[in-house]
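Enquirer: Quick one: the structure is below, questions incoming.
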């Protein structure tokens, strides 16, 4: 019992040891959760074969980059179609559908997310989705869609984005053609997701889409690792995930909030499905981002373990939905997260709001009641300013030091976060803790408070209370889409409980403890009863001792002699009134928790763990009733003496764990956005600073009691990680700097062949270009005004077509523009009548072109409103016979067909861009019709606007893209790729540089025309 008391006494050694154990446990759980999937390959033969087949499929479809604008895209389509036919061949309840063969096409509008205006991009898309349907036994159940896209970006091989999703679907399809589900399953292997989410949009033109209510979308925005639940539709779907995915669930609603708030700049097909009313789950790989969309997105840089994590997660979820009819009534936004990769927690965002309101009222009320009780008992006798100011002063000074370090890193090595975000966070957190340790422990030595930790916990709780109010309001104002704010609720809850425990124990311990007159309110009767109990205990001890060793009078005399000479050695010694008054005058008073000897001699590292003193005698016998009452009081007081350990275990482990896990998830997904924009840099550095402070927060109330050895450990950690943060190279071969590439042939500038490199700073690109053999001159300027620079130089011309390599003038044979019709200057058109024109784009071996529009009062999305109101995709009919009409077919969301089968899209808020995607490489043209309003009609909106015939002109910039670069070509007798400028960059760039495509293709050809 004595050993137990000594071990749990509030001592520097005990606290520091418990802290080290806590950090070790958290680290172990984190590492185990992060890397456990490496050791969970399937042992079951069927699952192992499923994984082996999926891996083989992945190796085949990722042999070449296969964007929509490439011939390799057709090869992947054909392979998937053959595999689906092979899988479903012998099934009586499975069927397939090929959009390519059906000739399915669509014309739809996308909002202009960049400008935030009502102006929009219109997309014409010829689909080559491959679909399979497994008919369920129960037709009353709504269908489930599984979706993944098989196209890649031009610079990537598409292993993670999104080959793993595709082969996971093939494996699941193989399973269900042998095991008929209750619910109908539809598999959509869709195309052209990378540049417009077109394949998902085209799905809703297919008749099978009418059967679907739920969707599982598989995506990849990283390069392996674990597949996370990016987002889910509502509480019901989140609960389905929790019940279905029992092995290694992984998800967090912070990512969901990132999509809702626009912090995640890219979108997945899930957005299209959700906009069409489907409910479901968006599952994706999310890190590392710097290998995403690059030549390292191959099977060499991922693993079977990562593939199995996605496949198994999707399989568990599909299995659950295929045979169950879950309750899907709750459609409110969900808050969710996993615990240790073992359990999955789901709340309603609205319930979180109500819970926040409750605890914001409850916890302060409990603390107020306890303080009122203490005040009524006259226990609040302490120097208020001395007690309340020391933590704020310490935090401010420590924050100043950490902020200086952050500024220093920003000047010397700002991009280190892209490679390693853990070291800067640990440096800032350990520096913050060490500075608070020095300040608070020194202050405690100069002006000791008996229980500063409780005072500090109350203060931290007050600060979190204020912040939680703003968080709760944010949650309400966001219409409950701010689903990533739950960590603040958890942090405030645990810290407030710790503060309540401290104040509660201190209040009632002061009432029960009669040993210290500094606790006003204890009666003399209680003191006498305590003395009588101690006398009774002593007499029993003395009687036993005298029977075994010596005559009673000798033992009694010896005991008296011992007490007379060594009164401070008694474990139950009651100090004299004079001594108590002296202690009370020297120590500031607060309702604090102390051990049973506190107030007279504070424990230190030289205090014995086990007190070996004797027990003092008392002359009077004690009644049995008083003895039992005092004994119980003694037990309760002893329990209350260890409140510090309860406070520590409630606050520090849980708040630290949740803070670190959430911080790691955010930084792991966003740290490499520091390469993409100044906004990304600001977000990452500020998040690291805020995260390090929050990580230190649960330790602050206990820092003053740390052992000096623990303080030195924090100092050592701070110095080591700080030095590494400053001197570490920000980019390495395994964590490279990503630059974006585009080569453009401008037919309006003498067929100039310009290479454009986009990167975070020109200081990274200029040394690279200095070492490229063919580059003699380049120019670098700021691009887009967000910290991104662009470098331009004349590069080796691309070799896309074997019959057009001889001279630069031959590029005019690859793309030309014909104006088939233009009535802007026609006398038959009235000044108020819309202007119409028809344009033919002749382009060789092409699938993708984009048209951007401008006028004297409008330039893309930068200013004004686009005058273009309608676009027409003209098919095989003669252009002179086409008469646009609103009444030939019903208009649906701006789209309709005329009697000639031409596709129309009308949007009266202005069309900014038209994207054209066709499948047939051999059909060497696009024919489009345009309708825009004259500037004269704008006078009603702006009287100062003048109009002329030139003002009504519509500028059209046509850009066509080619997506393949890895195809062999012969140039001057040497083997090369189709884009030798890109090949040269890859060959002569440092190992810590990697390239990604900027646009829909590696090469673009542009031409401007005015209508």
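First residue shown is number 1, and so on along the chain.
Glycine is treated like the rest: Cβ placed from N, Cα and C.
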Enquirer: Can you tell me which of these residues Swiss-Prot lists as N-linked glycosylation site: 751, 881?
Expert: 751
Enquirer: Hey, in Swiss-Prot are residue 449 and residue 706 both on the same membrane side?
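Expert: Yes - Swiss-Prot names the same topological domain for residue 449 as for residue 706.
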Enquirer: Please pick, from 126, 182, 194, 267, the residue that Swiss-Prot records in the Zn(2+) 2 site together with 161, 293.
Expert: 194
Enquirer: Looking at Zn(2+) 1 binding as recorded in Swiss-Prot, which candidate out of 86, 219, 243 goes with 149, 161?
Expert: 219
Enquirer: Of the residues 14, 671, give the one that Swiss-Prot describes as N-linked glycosylation site.
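Expert: Looking at Swiss-Prot, the N-linked glycosylation site feature maps to 671.
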Enquirer: May I ask you to indicate which of 353-373, 521-541, 542-562, 563-583 is given in Swiss-Prot as transmembrane segment?
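Expert: When 353-373, 521-541, 542-562, 563-583 are checked in Swiss-Prot, transmembrane segment belongs to 353-373.
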Enquirer: Given the candidates 750, 825, specify the residue that Swiss-Prot annotates with N-linked glycosylation site.
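Expert: Record says 825.
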Enquirer: What else in the chain is close to the topological domain 'Vacuolar' (669-681), if you only count residues 6 or more beyond its ends and a Cβ gap under 8 Å?
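Expert: Residues packing against the topological domain 'Vacuolar' (669-681) from afar: 255, 258, 263-265, 286-290, 414-415, 417-418, 421, 687, 737-738, 759-760, 786-788.
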Enquirer: Between residue 293 (Zn(2+) 2 binding site) and residue 219 (Zn(2+) 1 binding site), how far is it from one CA atom to the other, in Å?
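Expert: With distance taken Cα to Cα, residue 219 (Zn(2+) 1 binding site) is 13 Å from residue 293 (Zn(2+) 2 binding site).
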Enquirer: Is the number of Cβ-Cβ pairs under 8 Å between the transmembrane segment (682-702) and the transmembrane segment (353-373) three or more, considering only pairs separated by 6 or more positions?
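Expert: Contact absent: fewer than 3 Cβ pairs fall under 8 Å.
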Enquirer: Looking only at the topological domain 'Cytoplasmic' (509-647), report the model's average pLDDT.
Expert: 48
Enquirer: Run through the topological domain 'Vacuolar' (412-420) and tell me, per DSSP, how many residues are helix, strand and coil.
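Expert: Here the numbers are 5 helix, 0 strand, 4 coil.
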Enquirer: What recorded positions among 194, 292, 671, 751, 825, 854 are found with a C-alpha within 10 angstroms of that of residue 161 (Zn(2+) 1 binding site)?
Expert: 194, 292
Enquirer: Beyond the listed site residues 149, 161, 219, identify every same-chain residue whose Cβ lies within 8 Å of the center of their Cβ atoms for the Zn(2+) 1 site.
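Expert: Neighbours found: 148, 158, 162, 165, 193, 194, 218, 220, 221, 268, 269, 284.
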Enquirer: Hey, does the transmembrane segment (353-373) touch the transmembrane segment (648-668), meaning at least 3 C-beta pairs closer than 8 angstroms, sequence gap 6 or more?
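Expert: Touching, no - the transmembrane segment (648-668) and the transmembrane segment (353-373) miss the threshold of 3 or more Cβ pairs under 8 Å.
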